[in-house]
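Structure first, commentary second.
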Amino acid sequence: MEDHDSIRARVRDLVARHDPTATAPREFLGHRFDAGLAWVHAPVGQGGLGAPRDLQAVVDDELAAAGVPRLNAARNPIGLGMGGPTVLAHGTDGQRARLLRPLWTGEEVWCQLFSEPGAGSDLAGLATRAVRDGDSWVVDGQKVWTSLAHHARWAMLLARTDPNVPKHQGMTYFVVDMHAPGVEVRPLRQATGQAEFNEVFLADVRIPDTMRLGDVGQGWTVATTTLMNERVAIGAAAAPREGGPLGDLMSLWRDRPDLRTPGLHHRLLRLWVRAEAARIGNERTRQATAAGKPGPEGSAAKLAYAAIAQDTARLHLELTGADALGYDDWTFRRSEMTGSGQVRCPGFHYLRTRANSIEGGTNEVLRGVIADRVLDLPREPRTDTRTPWKDIPR
Amino acid sequence: MNAAHSSVSAPSTRSAHRANPPIPSLIPGDVEDDLRASLRALLGERSSWQRVLARLDTPDQPYDEDLWKRLAQDMGLAGLLIPERFGGAGATAREAALVLEELGRFLTPVPYLASAVVATGALLSCSPWAERDVADELGALAAGSLTATVAVSAHRAPRAAFPDEVVGVLAGDAATLTGTVPRVLAADRADLLIVPVLVDGAPHLALVHGGAPGVTAALDIGLDATRPLGTVELRGAQGRVLAGPTAAAAILRHALEIGAALLASEQLGTAEQAFETAVDYLRTRHQFGRPIGSFQALRHRAADLWADLAAARGTARYAAACAAADSEDFPLASALAAAHVGEIAVRTAEESLHLHGGIGFTWEHPAHLYVKRAMSSAVIFGTPDRHYAALAELADIPGP
């Protein structure tokens with residue numbers, strides 16, 4: 001059985017064999033995977049050691065102490081945050097063997113083919129069809145809001161395999177090769193002028209049945225794993241006091257007394273308090289999880305994050321004065337980064353944060369989740385969950 | 001070790017916001033969980049809202065004296081913050097905050113906040129400077145045989161100017177005090193009054209016995225009758241000087257900061273109870289042939305309140321943990337919790353009343369008790385706006 005000391009010894013052995021300062025980062029990540037130190041709770045041979053999940057922190061601390069830079073998740077955030085956990089939870093040994101190592105090293109980027117023009121908050125209403133044909137499936141449909149599709153080798157695909165049963169029961173989950181014939185990726189221009197996302201058109205795309213994740217008809221269950229990881233990934237980032245976009249706003253406020261007004265001061269103080277409360281709340285959630293007393297507070301984190309990010313960006317724009325009326329670049333181009341990490345003008349961040357209350361679950365969907373799963377309130381009456389999918393008006 | 005003891009002399013710095021102070025553990029341990037469970041069982045039986053409500057019919061007996069004796073003497077809770085060398089439990093603000101959370105949940109009419117937190121905190125800060133030791137008083141407070149209060153109007157914020165209601169004349173370490181202080185927490189119940197007093201314009205703190213000649217304390221009619229307040233009148237009353245101009249203002253401020261920090265936990269308890277009552281109602285009340293909790297408008301309101309309360313739990317526990325650890329971030333943490341939890345508790349109590357519909361506005365339902373407690377608590381030790389103003393200084397967020 002692995003413990004702190006044995007994990008620490010394994011990390012030291014890894015660093016001793018492969019000098020991180022003299023090894024290319026991706027190559028080092030490969031060695032780390034092979035040593036079972038990618039995600040220690042995974043089985044041996046699949047990037048892990050079959051060890052308790054909380055020992056992962058020992059790996060991270062020990063590597064940091066050895067001067068190994070923290071894993072840069074920016075290249076493959078969807079793979080690391082959602083694809084990996086989903087394959088680990090629901091994949092076959094063959095799928096894990098093929099997919100996990102290049103996902104971990106960033107050699108193969110992942111994207112997510114869930115949302116459709118007709119299925120946003122009501123994801124289970126999706127219409128992309130997968131029809132069985134011998135040992136493979138043939139897929140037709142259209143997906144949207146797909147980050148990184150133009151870089152991706154693999155996609156998590158949720159498709160309808162049985163239109164004659166109620167919506168949640170007729171879906172199946174696949175891993176699709178984005179290089180397969182019939183996959184077409186087009187950049188989708190957003191309100192900011194740039195394209196962080198894509199539309200993905202699927203026309204007679206063949207997927208071998210060996211790339212099905214979970215049983216036929218079990219797609220919703222598998223997708224829930226992906227979605228839970230998405231909300232955690234978005235809401236749980238630990239930040240220092242005045243970290244991130246708030247820090248930029250505070251610097252501007254302190255540096256430019258001439259821009260201050262009483263109304264903005266009032267709003268800034270309230271924003272600062274909410275941001276600090278969210279930061280303390282995230283830390284509390286982390287402590288509770290580490291202490292084995294996890295509470296449901298994490299589901300509130302993304303709601304708070306969206307509101308704080310939006311208010312920060314709006315206040316920053318208003319404080320900016322004449323420059324608030326300008327914009328840096330309307331050119332239609334792809335962005336290699338998503339979200340608030342981009343160094344752009346206040347107008348960009350103001351516009352970009354409008355999506356924060358929509359992407360990754362709208363505020364309304366999240367409130368529904370809290371009402372159902374945390375507060376156990378009576379469900380809203382629905383007609384669409386018992387009707388065959390093909391009979392639902394759309 | 002005791003939180004109230006040592007941080008008075010350290011002036012709060014304006015650099016705390018840049019230092020990114022570490023966040024202490026905010027998760028209760030097993031001992032705290034046990035204390036909470038036994039308190040909840042006791043108060044559930046002895047301080048049900050029906051009993052609290054019934055007591056409003058006897059306004060001349062506002063306190064539950066039997067329950068106070070049980071809590072203060074039998075369970076030793078009055079001495080939580082008092083070091084063992086004075087006969088206390090030598091616990092920390094974390095445990096006191098937990099007690100307040102449960103007292104807030106049950107609106108228990110006992111002078112815990114005034115006596116065991118604020119007055120005790122002030123006395124503990126006094127002792128290094130006091131003309132005479134206050135060991136006897138602390139021992140009596142720890143034993144629950146006496147109660148005390150700081151004779152300031154309860155709405156006063158920690159960073160407000162030193163009170164000028166009472167003036168005094170010194171003779172050695174004795175003082176003759178004159179003045180009137182309205183809206184003092186537990187004034188009528190206090191055996192000891194810690195009185196801020198100006199002597200030739202200079203701040204002092206004096207200790208006055210509640211029964212001494214020239215001292216009267218009359219019960220006020222309060223917005224929240226479950227937390228009695230009174231008016232203290234001093235007419236040539238004799239007191240003993242506890243602190244002079246070098247320390248009096250800092251001691252008072254620190255005591256009120258401790259009060260504000262831990263009041264946030266009490267507010268959290270009240271708000272959680274108000275919220276849970278409302279959620280129960282949403283599950284059971286039927287209109288239009290459905291439980292009203294199945295209507296999205298109400299489900300989403302409840303979800304937002306829950307998310308707010310989750311955040312409030314964090315800032316309240318952070319303030320208590322900073323007090324317990326005597327953290328450099330404590331003054332900021334106190335103002336943060338007071339501003340944040342105060343507003344959320346008021347909104348939660350008001351929403352709880354609203355979500356109950358007409359029944360929530362009746363005397364025979366507890367919703368009004370939570371509104372009165374939450375609203376008056378948001379005024380005690382300064383309104384949220386006063387605490388935002390404090391944060392502007394403490395976190396270096398200057399105004400125009």
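Even glycines carry a Cβ here, placed using N, Cα and C.
Curation does not apply to TrEMBL; its annotations are automatic.
Per TrEMBL, the features are as follows:
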- A:7-107: domain 'Acyl-CoA dehydrogenase/oxidase N-terminal' (DOMAIN)
- A:111-204: domain 'Acyl-CoA oxidase/dehydrogenase middle' (DOMAIN)
- A:217-375: domain 'Acyl-CoA dehydrogenase/oxidase C-terminal' (DOMAIN)
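Confidence over the domain 'Acyl-CoA dehydrogenase/oxidase C-terminal' (A:217-375), given as mean pLDDT on the 0 to 100 scale, stands at 87. Helix, strand and coil counts from DSSP across the domain 'Acyl-CoA oxidase/dehydrogenase middle' (A:111-204) read 6 helix, 51 strand, 37 coil. Helix, strand and coil counts under DSSP for the domain 'Acyl-CoA dehydrogenase/oxidase N-terminal' (A:7-107) come to 61 helix, 2 strand, 38 coil.
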